Amino acid sequence: MSLQYQTGFGNACATEALPGALPAGRNSPQICPYGLYAEQLSGTAFTAPRAENRRSWLYRIRPGVQHLPFAPFAGAQRWLSDFGRQPVTPNQLRWSPLPMPDAPTDFIDGMHTWGGNGGPEEQSGVGIHLYAANRSMQGRFFYNADGEMLIVPQQGRLRLATELGLIDIEPYEIAVVPRGVRLRVELLDDVARGYMLENFGTAMRLPELGPIGSNCLANARDFQIPVAWYEDVEGDFELIAKFTGGFWRAPIAHSPLNVVAWHGTHAPYKYDLRNFNTVGSISYDHPDPSIFTVLTSPSDTPGTANMDFAIFPPRILAMENTFRPPWFHRNIASEFMGLIHGVYDAKAEGFAPGGASLHNCMSGHGPDADTFEKASHADTSQAHYIRDTMAFMFETRRVIRPTAQALASPQRQDDYYQCWQGLQKHFDPEQA
């Protein structure tokens, strides 16, 4: 089925699956249309500034409070929120893609935490995860009280059946599910693999554009929000909650995806990365990678993000007398990269779609030896067309602490450092 969407990042939306289900003129009437319950879902404090306030009013068949008590849940064993306090290696790290599971595995049980920082109780930091699944969630629903979830598919399409409507995403698209929104993740293909970032901090937003002006990068009009959809289903289900880093399970006798109408600003959304309006230099030098930012979560320090989500999409390089690939770099921020499709222009070999790399604070990184040699002798009088690629980066202000399971993973490339060992010494004090 072809899904319908509303458009516009951060818009105050209003949608109903049955005519007249949205109360007119008030949020909480004495009796709601169709015998529905009114429930507010708050994503920010009541007193948050209006421009940053996130809340939605839901009109649902049964209220969200109706379920049996929670008890600890034994699943999701590889989805972690405790990133430890042990010293972190400064070595550059890289991993090959996760293999697809052999046993039946859904989105929740197929999540593998690769690293993170901060935590849900601090309301700051991130969790970074890879997922690999081969079946839809069956008889279970999930919500994350710890943070919003940024889902980046690399292989296989997903349907996110949420309280506020349906979202379909495929590779090259992303979705963000706000804190607390209940959902069921369905596979639209036989298998699915990708990346997921948990943002424990301030909700993601579009970056400020500064001198770029009022257009470019990710344009607000291209973000899509679901329309109201509901299912009125009863049965023996389980509601799984992620709360303060732990997982909990509550029996529930009906589907919680029973919101017939809603209005507000706290809602899931999707975005097609192919719509990103890339900017760059048309004279010389490679600008800072902040020009590729899609979404950002601000911190309490102006100009310094809790986390940024940036992409490296197809683009045209026109800079003359310039080393065009991303330059060698040591950064106060920490960078986790993934590859959705193709080849990343700074790494000719070893970085495969579905793989990942981690370059932490002040750990050197940059193009491998082969890329450096080719770019150093390229004809920069001609434009270079980078096609058939899509890489991305999760950048955080804090050090990303890799988990023990990531460090011990058979997908870890222990020889990653070798890609720079072939860089030659070209220094000649007699020749400028």
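In case you wondered, yes, glycine gets a Cβ from its N, Cα and C as well.
DSSP assigns His286 (active site, proton acceptor) to coil in the three-state reduction, placing it in neither a helix nor a strand. Residues near His286 (active site, proton acceptor) in space but far in sequence (CB under 8 A, at least 6 apart, same chain), listed by position: Gly280, Met319, Thr322, Phe323, Arg324, Pro325, Pro326, Trp327. Positions annotated as active site, proton acceptor by Swiss-Prot, on the basis of sequence analysis: His286.
Within 10 Å of the C-beta atom of Glu335 (Fe cation binding site) sit 21 other C-beta atoms, taking all shown protein chains into account. According to Swiss-Prot, the Fe cation binding site annotation covers His329, Glu335, His365.
Here Swiss-Prot flags Tyr344, His365 as homogentisate binding site. Taking a C-beta cut-off of under 8 Å and a sequence gap of six or more, Tyr344 (homogentisate binding site) has these contacts in its own chain: Phe312, Met337, Phe351, Thr389, Ala391.
With a cut-off of 8 Å between CB atoms and residues at least 6 apart in sequence, the same chain places Gln92, Phe328, His329, Arg330, Glu335, His359 near His365 (Fe cation binding site), listed in sequence order. Look at His329 (Fe cation binding site): DSSP puts it in a strand.
Taking the mean position of the Cβ atoms of His329, Glu335, His365 as the Fe cation site, the remaining residues of that chain whose Cβ falls within 8 Å of it are Pro326, Arg330, Asn331, His359, Ser363, Gly364, Gly366.
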